[in-house]
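Pulled from Swiss-Prot, these are the features on record:
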BINDING   35, 60, 87, 113  S-adenosyl-L-methionine binding site
ACT_SITE  113  active site
BINDING   117, 149  substrate binding site
């Protein structure tokens, strides 16, 4: 399986109509935690098991991983969790518009593909359009949590969110002031990085009270 896929390739520019929350979940009114780039899904599987009164959605651009995650989820009979194949740059905004305002409580973006070359920066998952889609759906005090073991990438991500007026950084200054995953569950990459004694940079943003305007 390819580690990285180009989200700007023609195939991934085709918009997908994702299932609505009422189709995805038995209890569709529960608050939602959205994990962008859910990889092998262990992070969300553990969260969904621990917190049955939340709904969890994992979005992943690598379709074979989504199939693998869904197989695990069905085996565990987790009805508050779904993994969906999509390119968030193309399909996220429409799906979020189906949610009740404020239902989206948490968004996590953890160890995303770095795309190191400057000419490939536009392939990175986080951008102004995605942030605005999230801001439009999220009410005051909603969370965006990001983490990476690559300093240049976390700096790029924080700069991108800092420029967005709808989110306020919680841990200003030190990129290492959050010493563990705030959701008390680690991703596979997080576990790997800690075993290798790599530095992990974590930043939490809070949706402020500013009303969204186009």
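Every residue gets a Cβ built from N, Cα and C, even glycine.
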Helix, strand or coil by DSSP: which one applies to residue 35 (S-adenosyl-L-methionine binding site)?
strand
Can you count the other CB atoms that lie within 10 A of the CB of residue 35 (S-adenosyl-L-methionine binding site)?
25
For residue 149 (substrate binding site), identify the closest of the binding-site residues 35, 60, 87, 113, judging by Cα separation.
113
Only counting partners 6 or more residues apart, tell me which same-chain residues put their Cβ under 8 Å from the Cβ of residue 60 (S-adenosyl-L-methionine binding site).
37, 38, 39, 66, 69, 83, 84, 85, 86
Measure the Cβ-based neighbour count of residue 87 (S-adenosyl-L-methionine binding site), defined as the other Cβ atoms within 10 Å of its Cβ.
21
